[in-house]
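Visitor: One structure, as structure tokens, below. Some questions next.
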Amino acid sequence: QPPTPPVFPESFGLRQILYTYWATWSSWRHYQPLDHIREYFGEKIALYFAWLGFYTGWLLPASLVGLVVFLFGFWLVATDVPAMELCDSGDSFIMCPLCKVCTQWNYSSICLTFKAGILFDNGGTVFFSVFMSLWAVTFLEYWKRTCSALSHRWDCSEFEDIEERPRPEFTAMAPMTMRNPVTGAEEPYFPEKKRLNRTLTGCMVIIVLIAVVLMFLIAIILYRTILRIVISKSNNFLSFSAARIASLSGSVLNLFIILMLSKVYTSLANVLTCWEMHRTQTKYEDMFILKVFILKFVNLFSAPVYIAFFKGRFIGYPGNYNTLFGLRNEDCGAGGCLIELAQELLVIMVGKQLINNIYEFIWPKLKSWKKRKMRLKEEEREEEENVSPWEEDYQLLLCEGLFSEYMEMVIQFGFITIFVAACPLAPLFALVNNWVEIRLDAQKFVTEYRRPVAERAQDIGIWFPIMQLITHLAVLANAFLIAFTSSFLPRLYYGYTRDSTLSGFINFTLATSPRNYSGQNPPCRYRGFMDQDGKYLPEFFHLLAIRLAFVIVFEHVVFSVGRLIDLMVPDVPEDVEMKIKREHYMAKNALAENQSLGKSMIDGEKDVLSRDLRQRASGASRPPQTDSPPPNLTDRTTAKI
């Protein structure tokens, strides 16, 4: 807290400066004091906040473009010809039942759902997908420049290659020692062959856990199918919304399973990584992060991937439906799979962020309150006024590191890039969340956590290559999403080959039930490109070729432009590169001068110089024989306080 009564800001301590100008909510419009953060917490924590602030700033243009695309969807809703045809169709399109016990239904009954789907499924999403793919590439390139400038300014550019020492845990548990070929010193050593065997064993465990995630996914699919059947049989007002209720409740259930499994995976990954015996802290953290990220990525993205690329693809057709465990394969809802994907993303992304922010805000305070309550006994309350500030700070919570903070943000980065074609508002939600996240994290580190031991770092570690991988996956995912899940290409094909106004598009996308099915049931329509014998029409193969061509062109164009951006934007800023070259030049000259000086000295001069240096060293090592402290001690102590 700032001192009372108020004093000039120049008199603030470093922690008071951070609290006043960084950790308060009113500081949201100011740049973060990165040099002060680095001085108080160390380079590792300072780099995290530098990256988080940089990422949040880059979300602003992405949020604005996404909002414009979403508002463009509102304009399309009012002018879309297929939407108007559907809403005005009356009883023209009688649809086949969506489940075994369901009844036929009127296509015009999904008028509002169809219009809502246009908000997420329109031509603007194609542009936004390309924009976000290039945005991600450019963001990573410019972060490399910013990171190199910061690491040079903080003198940690070569930390991992030269300065990093073995982990204390590794030193204590290593079975043997070996001479370091660089330093020549004896250091603890663990055989690489044993580490490789342990790493492969850990990979097998990860594969088993991924299979567990897929089992939970199948369980949720069956839950949605059974719940829809049960609600449809109830014959009450809920039966008309059976598919929507099943889909929404399945998304919420999936969110709770994700949160539950995440705790288990983190603990297990920690045990496996410790067992693998990695030498340095950086290598240990990289392998631990990689394990947890793979598990959490599969855990979080398995359901969206299923909805985007598999749901409704293998259902068959009326009279010949495919089944899973005796139940008919799950079909997309009346509004299509894309709106279900948007719903799933919003539930997982917004719900997870909301729960995490509440947890980060309340949990440290509850732990602090509990700790204070246990510490303050009745007989000690009177003496509490005399406790020194550093003793109070020692009673704060132990800092738990940056792993969970990075993981939350990188997973969020995946949500706003991989499936951005289905949810243009995702960057906006991420921007609002990050604005809150920066202040919550700042308050935690300044007021709730005990000051951690400062750690050096030259970058954000393995998180950067993980984000590069996510960027490449995002290009492929959005290409397939637009090609095979969105209605963009079918509309484009119909407008080019039949009617540019899209009049009759609804009828074009619906097939008629086969004759053998219609003989036992009333004729009905279903989404697909098949004839009345259940065979694919030529339009299906035309669209398939167009979709595959679109995927190839989309990813080639985006990857090519991304590669061009990579070549055009240097990883190190020009001024920083010049400083590095200047430092290397001066160091080389200084080394050459020392070598030439040593060669030109005669033996007598060497002896005199050596004796003089020894005398100086011995004189400096002995404290002055006086009863008074050094004259600068008081000044230094005052300045440090």
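Each Cβ is built from the backbone N, Cα and C atoms, and glycine gets one as well.
Not measured: the values here are computed from a predicted model.
Annotations for this protein, taken from TrEMBL, read as follows:
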type     : residues : note
DOMAIN   : 37-583   : domain 'Anoctamin transmembrane'
TRANSMEM : 45-76    : transmembrane segment
TRANSMEM : 124-143  : transmembrane segment
TRANSMEM : 200-223  : transmembrane segment
TRANSMEM : 243-266  : transmembrane segment
TRANSMEM : 287-309  : transmembrane segment
TRANSMEM : 410-432  : transmembrane segment
TRANSMEM : 460-484  : transmembrane segment
TRANSMEM : 540-559  : transmembrane segment
REGION   : 612-641  : region 'Disordered'
Visitor: Which one of these stretches, 45-76, 124-143, 200-223, 243-266, has the most C-beta pairs shorter than 8 Å to the transmembrane segment (540-559)?
Guide: 124-143
Visitor: Sequence gap of 6 or more, Cβ distance under 8 Å, 3 or more pairs: do the transmembrane segment (287-309) and the transmembrane segment (124-143) meet that?
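Guide: No; fewer than 3 Cβ pairs under 8 Å.
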Visitor: Can you say which of 45-76, 200-223, 410-432 has the most Cβ pairs under 8 Å with the transmembrane segment (124-143)?
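Guide: It is 45-76, which has the most Cβ pairs under 8 Å.
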Visitor: Report, as numbers and ranges, which residues of the same chain sit near the transmembrane segment (200-223): CB under 8 Å and 6 or more residues beyond its ends.
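Guide: Same-chain residues near the transmembrane segment (200-223) but 6 or more away: 246, 250, 253-254, 257, 261, 265, 268, 272-273, 275-276, 291, 294-295, 298-299, 302-303, 306, 324-325, 327, 330.
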